[in-house]
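Encoded as structure tokens, the structure appears first; notes follow it.
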Amino acid sequence: MKPLITFVLLSLCLLPIIFVLVNSRSFSIDYKNNCFRKDGKPFQYISGSIHYSRIPREYWKDRLLKMYMTGLNAIQVYVPWNFHETLQGVFNFAGDRDLEYFLNLANQTGLLVILRPGPYICAEWEMGGLPAWLLQKPNIILRSADTEYLKATSVWFGVLLTKMRPWLYQNGGNIISVQVENEYGSYFACDYNYMRHLHNLFRLFLGEDVILFTTDGNTDKEMICGTLEGLYATIDFGTDTNITAAFIRQRRFEPKGPLVNSEFYTGWLDHWGDKHASVDTVKVSKMLGEMLSMGASVNMYMFEGGTNFGYWNGADHDTRFRSVVTSYDYNAPLSEAGDPTDKLLAIRDVIKNFRDIPVGPMPPATPKFAYGFVTLQKVGNISSLLDTLSPQGPVQSQYPLTFEEIKQYYGSMLYRTTLPRNVPEPTPLISPLNGIHDRAYVSVNGVYKGLMERDTALVMNVTGQQGDQLDIIVENMGRVNFGSYINDNKGLLGNLILGNDVLTDWSIYPLDIDTAVANGWLQAGHSGSGMEAGDGPMIYSGTLKPTGLAWDTFVKLNGWTKGQVWVNGVNLGRYWPQRGPQQTLYVPGPFLSATQPNNITVLELERAPSHRRILFMDRPQFFLNHSGWSVS
């Protein structure tokens, strides 16, 4: 009994000491001396962006260690709302979504965290991180003081920010600052009531001590609409910008305090059909040195980009819809596969001039292996597999319904009706209001006829007899993540017209291909009877034999047209080699088995090559232009 009493008394004596130790931690803005202060001392952060949602959990520690060994003292992290609340009211923070585990790894590595919880994040991520179920409210004004939107964001932040509060630096964690919204000045709404609501929410859940800040582009309009009193205003710009002019603009909105470039662009994104983007290493390193010499705190966007696995890529819409590719390599200092590049080494040489670099070797690139060719077998076309892919059956509707109305937010859906009359001569099938979101694969009586595409191909010719089955498989290519078009519903958004007839009486099949693949229901010979030859959406499968290795690799689909690939039930993302620039899909080693057969599933949407082979390579490949290739 006496030892227990002694232990309790000792614990009570230590509590004030622990309290003092925790509360002696502080991170603040010194407006008099134009700097941050960490535990009372001037502090300049040198940070890099990393997205846990784009990297397998097994590789988080490796990437963070490489960033630390480069000389970074902080990382910047987006939190995609739709990654954690894909279905309304169902919150997922497990496995690859375990944000607190990621924060803990960063803390153990010695990295501070700049948290960017949105609710909108852009990031070339599906719908800018906003969950698609918000669009079930047809007139909702996203990123505004719209009542339904504020209600949803308040619930989300009640969950997320409550989890984040113990991770604030002053509470013993490693989060030094938190961004409110994201580049709000670039959005049309310019709704200060919305920003005030968010400000109040963040203070409610995070307290009064944490630094809250905004980030906006380098224009007056963006800074005017994106900033708010009580939130520290920072700016973002890349190597094509005059540093002095940009920071003068920040000073106009934030006269005192540290200079901050919250997104210094080390590279850029790719859309399908683009030339592969790159930013010159010499320009990046030179400009980084100049900003650090001015005492500015800098975050490099991106430091590692990672991969848009599954359906998580975003899209832009300026003059037309442009979907972002699967790779988010971003020409960043760490490659998509987490390998150090010459750009990383140049950046490390710059950082050496401003702070001590950790002693020790840079962790090496993860090992890669060329596993060779795998020949796939046809499982069947989509129509022959509906019992497997849409076990709940179709939704009946006189007119087309959107993905959001059906509550199928990602992937593809099948719209089925019949021809209302004989059409012996080629007759135009038209989407008069540009309602194909985003690509539609059309067949009559199971025979593929061609495709329609948002903004670019809204008419195609059809022939057939009255009563013939018309199937239209519509693919969601990723929702717009930036600008005024983020209310980006998917599917058939309006009526289709055949000649002079409005098509009605639709059977709409949600296609849950991911569940079917994960459960092994789509292996050749296991399901489906539709083995007929032909183009159009088809599923193929095969096996990569075990080699005793589970190393990173890259799959190339030479001769294939467009589709999706799964390895052991994991959705690697989209391929589209004919449009490019991306020619290979990254396959992280943890997705493979060294000892068991690895199941490969391919959804080819247009046309498979006669050889039906795919190739596993030891390096990625991007098509630069008509005269060259880029191999990382």
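Using N, Cα and C of the backbone, Cβ positions are placed for all residues, glycine too.
As the structure is a computational prediction, the values presented were derived from the model and not from experiment.
The signal peptide annotation in TrEMBL covers 1-24.
If you look up TrEMBL, you'll see 36-353 marked as domain 'Glycoside hydrolase 35 catalytic'.
TrEMBL lists GLU183 with the feature active site, proton donor. Cβ neighbour count for GLU183 (active site, proton donor) (all protein chains, 10 Å cutoff from its Cβ): 22.
Under 8 Å, Cβ to Cβ, and six or more positions away along its own chain, GLU263 (active site, nucleophile) finds SER49, THR215, ASP236, PHE237, ASN299, TYR301. Annotation comment: TrEMBL describes GLU263 as active site, nucleophile.
What TrEMBL lists as domain 'Beta-galactosidase 1-like first all-beta' is 400-512.
The domain 'Beta-galactosidase galactose-binding' annotation in TrEMBL covers 537-595.
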Run through the domain 'Beta-galactosidase 1-like first all-beta' (400-512) and tell me, per DSSP, how many residues are helix, strand and coil.
4 helix, 58 strand, 51 coil
Please list, for the domain 'Beta-galactosidase galactose-binding' (537-595), how many residues fall into helix, strand and coil according to DSSP.
3 helix, 28 strand, 28 coil
